Amino acid sequence: MAPRVIPVDPFDLVIFGGTGDLARRKILPGLYRRFQAGQMTDAGRIIGAARADLTEESFRAFVREAVEEFTPAARRDEASLAEFLKHIRYVAIDAKGEGGWPQLKALMRADVVRAFYFSVAPALFGDLAERLHAHAIADAQSRIVVEKPFGRDLETARALNAVLAQHFDEHQIYRIDHYLGKETVQNLMAVRFANILFEPLWKAEYIDHVQITVAETVDVSGRGAYYDKSGAMRDMVQNHLMQLLCLIAMEPPYHFDPDAVRDEKLKVIRALDPVAPEDIVRGQYRANGKAGDSYADHAENPESRTESYIALKAHISNWRWKGTPFYLRTGKKLRARSSEIAITFKEPPHSIFDDERGWRENVLVIRLQPNEGMNLMVMIKEPGPGGMRLMQVPLDMSFAETVGADLDDVPDAYERLIMDVIRGNQTLFMRGDEVEAAWAWADPIIQGWETRGDRPQLYDAGSSGPEDALMLMHRDGRRWRDIRE
Ligand code: NAD
């Protein structure tokens, strides 16, 4: 079954930072794929805008290289790539100067969707917003896309929101969290809200706990200086893990509509309790033979106290979730690259079977990477003539067979989100108040360890994380799921 493609309206998409790393790895190859799929039509146009003094031809060569490097050979073809490149323009522009703006204005077409992707450092957001208006390039229908990091605390996030609000209404601002663009993350909402089966059980009465894991194998080399000012809490928990937590915990919105969904997510964030210091474990990887160098080597600061790993236990104080802990963990240089959400249901209240082997809980596992998909672990009778022995098996809910060989045609997160911008659908983007509420929860946690001068616990590169993180679950009589691909 081929995914249905509905072409988007004609658009001019300006990518500020069009020569940058993000544009090269994600945005440009993603747009090519949507063009190839027929979703971006011949009436779509992409205008690279960056400081480099490039000709249009040399920018097209850059786009070609980006597509060739970051699209598997089997998924691209020369004819569509050559056609795609015809839709590419370039303007050399300085966000802080006046050069290039009249040229950009002259390029923009009337009566098409105008979108501006701010793929530059957040310090330039204000300059771009201001000049887009000063040169009458953006209007009340234009959209802007902004990338993470959206602030480094509540104060800076508020300041960024205020800068953007001077020139754009909230309905024009698309704050990207690419986790929300993942197929299974949206499937989570479909499973919850399009079936009667799960929702009645979706509460503290029946759910023992929730684990959210985002494990990476990469280190911070290459971005050590940036990362050292951030750390896992700011870089991953406040945004990505928080968004996942919201989608699991939110009440059913009255409609699948941007503000209805975001209102419900906001209520979850506001219901989060402060996290006690004993419910947080911070880690930093250390050298481990061939498995890799230490964090401090990459951060260039041997005394760095920044965490490359964090595990914490969160509680949501509302009727639905009182008593069900949410365990969150994320880290770099771990043993495998694996992101998943696991919802562990409680055991049946009484067992009628004598067979006491194995786990009895149902677990709904939502895998985000690799191999996006869902599994529901259920107990069945062990096949065979023996007695009534039980075993746990996964019920595959990823419907891989239905989607079949065309699974490759499912857009990745960036592709989907950029098309949503053109369609004017903000459901999968963070609203300003959500981002601020998430910082309001994260700030005291970060301030706590900064004030105390806590040092992260060291863990071996290539391991599952610090020992104390195991204890965080053990002392509650629970255990983390294995980190494996
Ligand atoms: P980069 O340093 O590779 O590229 C920066 C781009 O901005 C270049 O095209 C450069 O020409 C342009 N630029 C810099 N100063 C400018 C100015 N004064 N006027 C006009 N253009 C200017 O950065 P990147 O890695 O592509 O990241 C861009 C944004 O996306 C950042 O906010 C970053 O935090 C965010 N982000 C990046 C990634 C990633 O994987 N690279 C992931 C998530 C978020």
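Even glycines carry a Cβ here, placed using N, Cα and C.
Just so it is clear, the model here is predicted, and its values are computed rather than measured.
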- Item | Recorded NADP(+) site member, picked from ARG45, ARG51, ARG131, that accompanies GLY17, GLY18, THR19, GLY20, ASP21, LEU22, ALA23, ARG24, LYS148 in TrEMBL | ARG51
- Per TrEMBL: substrate is bound by HIS178, LYS182, ASP235, LYS332, and from GLU155, GLU199, GLU205, GLU216 the site also lists GLU216
- Note on the structure: recorded positions THR19, ASP21, ASP235, HIS240, LYS332: those with Cβ under 6 Å from an atom of ligand 1 are THR19, ASP21
- Task: For the domain 'Glucose-6-phosphate dehydrogenase NAD-binding' (14-187), would you mind checking the mean pLDDT of the predicted model?
- Result: 96
- Among the recorded positions listed here, GLY17, ASP21, ARG51, HIS240, whose Cβ has the fewest other Cβ atoms inside 10 Å? ASP21
- Note on the structure: Cβ atoms other than its own within 10 Å of the Cβ of ALA23 (NADP(+) binding site), all chains, total 25
- Task: May I ask which of the recorded positions GLY17, ASP21, ARG51, HIS240 is closest to LYS182 (substrate binding site) if we compare their C-alpha atoms?
- Result: HIS240
- Task: Just name the winner among GLU216, ASP235 (the binding-site residues) by count of other CB atoms within 10 A of its CB.
- Result: ASP235
- Task: With THR19 (NADP(+) binding site) as the reference Cα, tell me which of the recorded positions HIS178, ASP235, HIS240 is the closest one.
- Result: HIS178
- Message: Distance check, please: Cα of LYS332 (substrate binding site) against Cα of ARG51 (NADP(+) binding site), rounded to an integer number of angstrom.
- Response: 32
